[in-house]
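The structure under discussion appears below in the form of structure tokens.
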Amino acid sequence: MSKKHQKKNRKRSAAAQNAVKGRLDITRSGMGYVIVDGRDNDVLVRPNDFNTALHGDTVRVSVSGSSQSGRSQGKVIQVLQRKQTEFLGKIELGRNVAFFVADVDKPMPDFFIPPDKLNGASHNDRVIVRLAEWEPHKKPVGEVVQLMTPGNEGDLAMKEILMENGFPLLFPEAVTEETARIPDTIGSAEIAVRKDCRDILTFTIDPVDAKDFDDALSFRVLKNGYYEIGVHIADVSHYVQPGTALDDEAYNRATSVYLPDRVLPMLPERISNELCSLRPNEDKLTFAAIFQMTPKGEIKHHWLGRTVIHSDHRFAYEEVQEIIEKGEGLYMDEILLLNNLAQKLRKQRFKKGAINFSSQEVRFKLDETGKPIGIVIKESKEAHQLIEEFMLLANRYVAEDVSKVKVNKKDIPFPYRVHDTPDEVKLLPFVEFARKYGHSFDLQSPETIAASFNQLLKDVQGKPEQHVLEQLGIRTMAKAIYTSENIGHYGLGFESYCHFTSPIRRYPDILVHRILDDVLRGTVQPDKKMEQKCKHCSERERSAMDAERASNKYKQVEYMQAYLGEEFDGVISGVAAFGFWVETIEHKCEGLVSINSLLEYDDFRLIEGDYSLAGMRSGRKFRMGDKVRIRVIAANLAKRQLDYEWVIAAGMAEAGTGSQTVNPSGPAPKGSGQGHAASRGQAPKDSRGRKEKESRNGAKKEKKTEKKRSGTKRKDKQ
């Protein structure tokens with residue numbers, strides 16, 4: 001080997017040894033920073049060293065030295081995972097050449113589009129392009145996958161939100177072809193190896209507009225007087241096999257995404273809405289947890305395994321709620337018994353330490369074009385709790401059974417759903433704030449903290465501070481994640497917990513089904529990549545939640561465009577050094593009152609421990625949870641941003657504190673329209689628990705100001 005080649009190999013070896021894995025964050029100026037878990041400082045990457053990486057990609061970067069500022073520098077040596085492979089933009093045609101220019105706010109190269117990949121697109125057409133290939137030191141090559149119809153900006157915005165968060169709009173051709181080859185019928189040999197539950201009363205309970213029914217309940221009374229309740233879950237793992245294009249795509253997506261006007265499924269509709277959907281009057285393959293319970297809700301026996309069912313009826317939540325309230329309707333006796341058992345299970349959970357956080361779900365009424373024409377606030381009722389409790393029960397028992405199995409005296413790698421105990425740094429400010437309203441906390445142990453939370457949530461019902469304390473309490477909690485380390489689920493009060501009940505829309509549930517089947521067969525092969533898979537699924541879940549928040553915000557802004565200049569009552573939902581957020585009581589639409597609109601009345605400063613902005617001269621406070629009157633002054637769809645101005649109440653006192661303390665002379669304050677920009681040069685922590693981040697080049701980085709709400713779609717929310 002020549003000395004030249006030896007030198008090259010030594011350089012490659014050194015680069016590999018100094019390599020770290022992280023996510024590439026490209027600023028608007030074009031500089032890149034790789035964010036590495038467990039590392040205090042990001043790694044600076046200059047544009048010439050991106051090596052085909054785009055914003056948001058997971059990359060491996062070799063760390064080569066430090067910049068003049070002392071920051072580590074590096075070069076991307078491998079793109080491990082693309083965040084986004086489909087982009088919205090327009091086609092530019094030149095002489096014998098076509099390019100695609102993406103609509104993005106971060107620098108990225110134009111794509112070369114071969115003539116046979118234009119698929120009917122013309123100059124200036126708006127299209128969706130998929131990244132097909134990209135060799136180093138060359139232009140990326142793309143393929144037009146969809147022509148966009150002009151006119152429906154709302155539809156375009158929803159698609160853009162999905163793509164921004166790394167969710168492709170279409171399934172690859174290989175996935176479509178694989179799905180088409182799956183047989184429609186269930187063979188007698190498959191039925192023979194399953195518990196046959198087709199003669200037992202079985203029904204589903206879902207949202208009225210649902211199409212994918214992935215869980216069903218069966219019910220019968222046994223000769224010994226016990227109730228047998230079966231929680232039957234669509235057997236997706238029977239159809240989605242490891243090593244297939246279908247499984248690879250499901251893993252990459254890891255979750256379905258629920259937007260106000262559509263669902264982007266994790267699996268093709270032929271599987272989610274047909275083969276696996278537990279539709280009435282059809283034989284379906286399921287994986288079940290079957291319980292024998294006493295009338296007091298005590299579990300005497302349980303069984304886990306594969307079943308075949310034949311659903312007798314498809315209920316909507318509203319129908320079941322009406323049966324519960326009126327005591328009449330189809331399968332009334334069975335539903336009332338199941339509801340009674342569910343309420344007993346619920347009481348047992350809270351008695352054992354579960355925390356009774358509740359959240360409201362906002363849904364939009366849409367016209368035929370997808371434009372919002374109304375907002376509905378949905379609350380959890382007994383019909384929802386009926387399903388939720390039995391889903392939680394099944395998830396817990398599956399996790400508990402698997403946690404007891406050992407291979408070579410070691411735990412099986414398994415995707416547990418865990419929720420850590422509260423972070424003391426976040427908890428203590430909340431405890432101090434709650435004390436101002438007369439609520440005390442026992443911080444001796446996680447159990448006493450949970451009991452204190454439940455007592456507080458009970459005591460604040462109907463009181464002015466209810467909203468603020470509930471929301472702040474939720475924000476003190478850790479985020480639930482997937483991991484192979486079983487630390488339990490604090491919020492639910494479970495020592496072991498997993499997601500078993502929604503495999504149509506969550507990939508971790510498919511993993512759970514596969515491992516459970518191996519456990520039942522006695523053929524467990526520990527998966528050394530399980531923790532990596534758990535981390536991936538947690539990241540995709542966060543991306544889906546980001547997409548859902550962004551789409552909800554878009555629809556809120558679109559809805560409030562009709563109310564520009566109108567006034568509404570609201571509640572202060574967050575405060576920061578640059579203003580405060582207000583959520584309207586009527587619509588639950590959140591907007592920012594900029595501090596710039598208040599400067600002519602006082603110099604307001606953030607009081608962190610008080611979750612308030614306080615006037616330095618008047619003492620007038622805007623505190624989280626206060627009711628205020630606002631006027632809608634701007635609804636910016638491009639930024640997905642609402643701007644409000646504070647409306648001064650007539651006859652306000654001249655001095656004092658609280659939400660009604662000052663009546664400044666002059667006209668009502670006018671909003672600056674500057675939206676979410678901070679008004680001071682400092683970087684204080686806002687009262688939502690976030691900090692203003694300095695951008696990598698020394699200027700302030702644009703803040704994320706959308707409110708992060710907890711909770712997910714449907715049923716087993718935790």
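Glycine too: its Cβ is placed from the backbone N, Cα and C atoms.
Quick caveat, the model's predicted, so the values are computed rather than measured.
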Scan 1-21, 295-315, 358-378, 400-420 against TrEMBL and say which stretch is down as region 'Disordered'. 1-21
Segment confidence, the domain 'S1 motif' (565-647), expressed as mean pLDDT: 93
Could you give me the DSSP helix, strand and coil counts for the domain 'S1 motif' (565-647)? 6 helix, 48 strand, 29 coil
